[in-house]
Amino acid sequence: MTANSPLQRVGQEKGIAMGSQELQRKLGFWAVLAIAVGTTVGSGIFVSVGEVAKAAGTPWLTVLAFVIGGLIVIPQMCVYAELSTAYPENGADYVYLKNAGSRPLAFLSGWASFWANDAPSLSIMALAIVSNLGFLTPIDPLLGKFIAAGLIIAFMLLHLRSVEGGAAFQTLITIAKIIPFTIVIGLGIFWFKAENFAAPTTTAIGATGSFMALLAGISATSWSYTGMASICYMTGEIKNPGKTMPRALIGSCLLVLVLYTLLALVISGLMPFDKLANSETPISDALTWIPALGSTAGIFVAITAMIVILGSLSSCVMYQPRLEYAMAKDNLFFKCFGHVHPKYNTPDVSIILQGALGIFFIFVSDLTSLLGYFTLVMCFKNTLTFGSIIWCRKRDDYKPLWRTPAFGLMTTLAIASSLILVASTFVWAPIPGLICAVIVIATGLPAYAFWAKRSRQLNALS
């Protein structure tokens, strides 16, 4: 049977087991949208408004940077939407690169994600929640680490026991994280000061004109808009992916764009722009300019941050193990990661082991900080994924249920915007980034050779 035969596509669409127990399609549109939005709206927005303001140099360019930054993501989501409807299965980038004809690249993308992104991200978010909790009450550092570990364990149990239950929680927590931002926007409109837009007093960092300042601002928004494609890791568990995936991917992008733009607008109008551009905590600082909040602004932001990061942590615990599950099903990773719980119908072992590794990183925080240098590898992986659609379209069996409009333009924009992020990441840490790329290749290729040989042996026996 071919990689995308009619029989297999029917099985993928309906969640029918193809020779072994498979995860079932239980997630509807609203749950998928909540996962996409919940993953994207994270702790980054609490600092990115100030970073964008510093880069852009004026209030209007700050707001415009968030608008364009969000619009730039739409072509990327269109590419993901097409690929996810062509291959409606779990695994995202791994699956798309594999079907584009490069199993080694597909494996390396999953290998890098598992060790340098997935588990470390759990520890970073759990510790960030504890850090905000420490703003409300003093916490012993060691106790804080155990609290962070407890958070990961709690979400492991939630998402291990039920996909529907996890999705319901994700929907509720996403609504809960948007409510405080809505309150900030509402209060910001009421206390908005137009004079803060009339007299900006800063110069864009590294920019010599409005156009270059705008580009710098757009670049600074990039990380705030990452996360929507997380739902592609769970495409194999989404009902009617041909309709749900495009709507959820593009819809989440538009929702986040509106939210971020309104936040940037009201924050720029609440406080003098020179203070905003030099603020490391822009939302918290902006709220101190609202008489109704005053000294309670810090408490409000700390509670909001905990809710926001809780939602992101829950989302990551839910979707990330699906990558290793997909690799294990192809016999390209530890076999145990492909296990499906007979009662709960979840990738239980993958969830447990990734959570355990995340807890390990909590107690080895210095190592976690070093893993940030693998960002260059992860950005380049995304660029390869956007390019993979060109090779996929050349396949005779490539039959997506949704196609990217203006394909040439959209694909070019997706690749170009991703390359810009690669370049900016390389400038941030060129030598460490290259060293990490070498580490991924040096460890990943031997691992791939081992599992590829094992996979061929298993296929020969079957």
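Every residue gets a Cβ built from N, Cα and C, even glycine.
Over in TrEMBL, the protein carries these features:
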type     : residues : note
TRANSMEM : 27-48    : transmembrane segment
TRANSMEM : 60-83    : transmembrane segment
TRANSMEM : 104-130  : transmembrane segment
TRANSMEM : 142-160  : transmembrane segment
TRANSMEM : 172-192  : transmembrane segment
TRANSMEM : 212-236  : transmembrane segment
TRANSMEM : 248-273  : transmembrane segment
TRANSMEM : 293-319  : transmembrane segment
TRANSMEM : 344-364  : transmembrane segment
TRANSMEM : 370-392  : transmembrane segment
TRANSMEM : 404-423  : transmembrane segment
TRANSMEM : 429-451  : transmembrane segment
Criterion met for the transmembrane segment (404-423) and the transmembrane segment (142-160) (at least three Cβ pairs under 8 Å): no
For the transmembrane segment (248-273): best-contacting stretch of 27-48, 60-83, 104-130, 293-319, by Cβ pairs under 8 Å: 60-83
Seg_contact(the transmembrane segment (60-83), the transmembrane segment (142-160)) with at least 3 CB pairs under 8 angstroms, min sep 6: no
Dominant neighbour of the transmembrane segment (429-451) in 104-130, 142-160, 212-236, 293-319, 344-364, by Cβ pairs under 8 Å: 104-130
Listed stretch, out of 104-130, 142-160, 212-236, 293-319, that has the most CB pairs under 8 angstroms to the transmembrane segment (27-48): 212-236
Highest-contact recorded stretch vs the transmembrane segment (142-160), from 104-130, 212-236, 293-319, 344-364, CB pairs under 8 Å: 344-364
Distant-in-sequence neighbours of the transmembrane segment (293-319), which means Cβ under 8 A and at least six residues beyond its ends: 35, 38-39, 41-43, 45-46, 118, 121-122, 125-126, 128-129, 132-133, 135-136, 151-152, 155-156, 158-159, 166-167, 169-170, 173-174, 176-177, 180-181, 187, 227, 230-231, 233-234, 281, 283-284, 287, 351, 354-355
